[in-house]
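Scroll down for the structure; my scribbles are underneath it.
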Amino acid sequence: MNRSDIMFKRNKLLVNIVWALLVLGLVVDIITAVPIEAIIVLIVAGTATCVLMTVLTYRRLFENRIMYLISLSLSLLTFLLVDSSPAMTTYFLVYLNMAISMLYMNYRAVLFSGFSAIALTNVFFFVPKYYDAMFAPLDEVSFFTPNLYVVMTMAALVAAGRFSEKLQLEVLEKQEAAWLAKQRAEEMLSHVKHAVDQLNDFSAKLKGNVTTAGSISREVTKTFAEIASSVETQTRSIGEISESIQAVDQVVGTVVGGSTQMSAVAVETSLHASSGSEQVDKLSAQVEQLHSIIYTSVELVGELNDQNRQIGEIVQTIHGISAQTNLLALNAAIEAARAGEHGKGFAVVSGEVRKLAEGARQSTEQITAILESIRLKTTEVSEQVLLGRDAVNRSREAAVQVGSMIREVTGNASLTERQSALLHSSSKQMDHAYRTITDEMMTIAGITEENMASVQEITASMETQDSKINDIVESYLQLEQLINSLQALADRDNTGKTGVPLYNSSR
């Protein structure tokens, strides 16, 4: 409550007291049978004065001057009451006036009412009409006696009013300081609440981002686990293919050895064919041996065709695995792009995986082309071996008639020699091709194993990152609880704000 409100309440209290005194004076005048003219004068003068003070009080006009008007009104009522019915008891209203002025706790109001009391005392003492009714019954009352009583009472009330006024000023100053401190505290609380609101909004957004990052991390970890499983399967498949190719390489080595031996036999057959009929028996034996070798060559060529077909199927499987790996790497790159900053490292790894898959695909295409060439060569060799088999059969038939068919045998031997040389050359080419395939498969196997190790390391890192992100999510959940508690505390304190600013009013 500020000083203006305190003064307003005191003015209302004193106005009500003046009204009560007016009514009391009228009642006393009526009881004591005061002339009607005096009663009318009291009613008119008292009512006009009280109405004026009431209007000024409730309109809050001249708030700091109304206390003097109230003292003046009480002095007027006292004079009117004494004038209508002079009595010592009525005279005591001058002391009541000073006592009522003391309610303002302002020594100026007490001084004003005291001087009014001195003036009324002297008027009543020196006017015979009032002196005879009030002071004459007293024995030898001196002029100084009533004035001395008034001055002593006024001095005591002034001292008390001065003390009360100082005490009231100290209370108001402390109240004002307390209100200013509270206002500063409320301003600080408002700033804290604003900061808490901003922190709450930031925490909500950050919580959503962290939750999204955690979800993406879990998806990426799952994808890498699938990639690791796929790469592991691919590694096993490539290992099996490498073993098969090594086995084929051994078979090709055997074919090369057989073709070399067959070429030597063909040369020897040609030499023996030119030596004449005395070598017919030996030629027959050699033809039989050649027949066996040719049939062995036919079987080997058939097995070579089967192995070549199996290698083609394996290469197609590798090609499919490479395409699948490329697709998985592309999907991983897309997920890494969605992950933003968290997926940069993973994007680099997925790009390398895709490059390796593309290299594997190109290698399988080259291997396919080589296998097709080998198939064509093998078919040609097979045809040549079949021709050699036919030639051997004819040689066997001709061996019976070797004498007459020696020239034909010589020609067939020359043909066999040429075919053997061709078979030997083809076998060498096939051996070189399979060695190249073996080296490529070993390279692919090494790269695949490196990819497997890299994917496993990335998977372990992603699992660790996923765990860390889960820890961050849990930490932000705890932070959100703390922010909510602080928000609730700020809202509760904000709803308890009270008080109005104090200000100094003129006295």
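Every residue gets a Cβ built from N, Cα and C, even glycine.
Which of 88-109, 110-131 counts as transmembrane segment depends on TrEMBL, and there it is 110-131. The transmembrane segment (12-32) shares more Cβ pairs under 8 Å with 38-58 than with any other stretch in the list 38-58, 65-82, 110-131, 143-164. For the domain 'Methyl-accepting transducer' (209-466), the model's pLDDT averages out at 75. Under 8 Å from some Cβ of the transmembrane segment (143-164) lie the Cβ atoms of residues 94-95, 98-99, 101-102, 104-107, 109-111, 113-114, 117-118, 121-122, 125, 135, all in the same chain and six or more residues away from its ends.
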